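Visitor: So that we are looking at the same thing, I have put the structure below in structure tokens.
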Amino acid sequence: MRTKYIFITGGVLSSLGKGLAAASIAAVLECRGLRVTNQKLDPYINVDPGTMSPFQHGEVFVTDDGAETDLDLGHYERFTSTRMGKSNNLTTGQVYFSVITKERRGDYLGKTVQVIPHITNEIKDYIRQSSEGFDVALIEIGGTVGDIESLPFLEAIRQFRNEVGKQNAIFIHLTWVPFIKTAGEVKTKPTQHSVKALREIGIQPDILLCRTEEFLSEDIKAKIALFCNVEEAAVFTAKDVSCIYEVPLIYHREGLDQKIVDLLNIWTGQPHLEAWENVVQKITSPSYEVNIAIVGKYVNLTDSYKSLNEALVHGGIGNDCQVNLRFVDSEKIEKDGLNHQLENVDGILVPGGFGNRGIEGMIQVIRYARENKVPFFGICLGMQMAVVEFARHVCGLEKANSSEFDENTPHPVIDLLPEQKAVQEMGASMRLGSYPCRLSDASLACEAYGEVEIGERHRHRYEFNRDYQERLEACGLRITGRSPDGRLVEIVEIKDHPWFLGCQFHPEFKSRPTEPHPLFQRFIEAALRYRKKRAEDQ
């Protein structure tokens, strides 16, 4: 079957949920038996988001092949079975870098290099190459219609549609239909203007997805269709939901997937959505609940930990349990102490991060978890700080630290990877992507995975310093995961604790609602046991 293309744009304002919409459409189409892939075209000039602040961009999602990408690729992976990679995220920076490199090589044979056709051709070539081997490719255009940065991408997809034909490519426009409480009615004018801006650059949407609080009436749909030059049957409600995994089911009930396959002339059966129905049922009607504290430095923007938050929810699904997340700023703990911030918490998770801000607060929290037998899960920086805390307060190495935060520490229990010492550039220069890990028998990690050889994704420069391995192991630290050559420490645990585990990798990137990651599933299971014990002791 020839590849079909679905281009998804957004209007009126940002953060409408284009990524979630693209992922949900892909999920329903995959449930119809189609091979799907997603692409994200980002209009910023950065080559990738790897060096961008989490407060500006949110999470950096790492793929198996080591790409640092937009967080929407995390949505794509969680909603479909397709693994994302470097070819699934294109930025303006990458486009211009490639075109300028070709110009310097002489590929354009002396021509004047321009946005049209050279930049737009580069974008179109990328779309084609990244879609090979799939039945349907969903391409999300970042930003909002009207942004000057998005114009080359919009022009490229306009040309692309003309080249492949209307039965092989469609445009879906996600827009906002606000409900004005004082007037008691929904307003369609923002949508009208958004579509008008899109049509002015030559793109006529085939389908409108209207983000709103409640389902739109037939009268409102008819009005939108009239002013936006689409048929009434092509106006769909993208209703606000409390559970994002309900979105594929809502889209199917609205008939969106049927409309798409009709427009693209795809013959498929009805989708098998039982797995999604089961996920939603377990999230909305759980038998148990736990409170998990996420202690980090980017908690003021929860998108900074998007995959982490979702992986904890997945762990709850695997235990028929609602997971209540409590975000705790580690920098505030440094200033004010614990101050009841961990009261009634059933598990503590310290996630990854960079820089020394808030690390002493993390160490206080880890000590609390260790001494009070609270289930603890440390990821990347969280694992490193667990090692520092153990070295200081159990092994008596009072000034132990990571050389990232104190170059003059007498005990650098966490140190720079040897291959990183000569690295000068920041972008895409860390230990990135999937690496194998060998687990020790009779460990929490091996018990969770059920195997001794695993592969997980990494994003770090610093590692456990093996010069301190013997000293820390003598005090009760267990190294239960190593690289196959034994050179790098990947997982640590401690003796005499019900569940205390730190890993150097990022397991959250491989968790799905239909396949919860084993470490998150076991962490939530341990939190449930702790909650039950806490209730019995009261």
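Cβ coordinates come from backbone N, Cα and C, glycine included.
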Visitor: In Swiss-Prot, the residues Gly353, Leu381, Gly382, Met383, Gln384, Glu404 are said to bind L-glutamine. Which of Arg457, Arg461, Arg466, Arg471 is said to bind at that same site?
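Guide: Looking at Arg457, Arg461, Arg466, Arg471, the one Swiss-Prot places in the L-glutamine site next to Gly353, Leu381, Gly382, Met383, Gln384, Glu404 is Arg461.
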Visitor: Which one, Lys40, Lys111, Lys221, Lys223, is listed by Swiss-Prot in the same CTP site as Ser14, Asp147, Ile148, Glu149, Lys187, Thr188, Lys189, Pro190, Thr191, Gln192?
Guide: Lys223
Visitor: Given that Swiss-Prot annotates Ser15, Leu16, Gly17, Lys18, Gly19, Leu20, Lys239, Asp240, Val241 as binding ATP, state which candidate in Asp72, Asp107, Asp303, Asp320 belongs to that site as well.
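Guide: Looking through Asp72, Asp107, Asp303, Asp320, the residue Swiss-Prot assigns to the ATP site is Asp72.
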Visitor: Average pLDDT across the domain 'Glutamine amidotransferase type-1' (291-533)?
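Guide: The predicted confidence over the domain 'Glutamine amidotransferase type-1' (291-533), as a mean pLDDT, is 93.
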Visitor: Which state, by DSSP, holds Ile148 (CTP binding site): helix, strand or coil?
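Guide: For Ile148 (CTP binding site) - judged by DSSP and reduced to three states - the answer is helix.
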Visitor: What residue among the recorded positions Ile148, Cys380, Met383 has the most other CB atoms lying within 10 A of its CB?
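Guide: Result for the most crowded candidate: Met383.
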Visitor: Rounded to a whole angstrom, what is the largest C-alpha distance between any two of the residues Ser14, Lys187, Thr188, Lys189, Pro190, Thr191, Gln192, Lys223 that the record assigns to UTP?
Guide: 24
Visitor: Long-range neighbours only, meaning 6 or more apart in sequence with Cβ under 8 Å: which ones does Glu508 (active site) have?
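Guide: Set apart from Glu508 (active site) by at least 6 residues yet with Cβ under 8 Å, we have Ser307, Leu308, Glu310, Ala311, Ile379, His517, Phe520.
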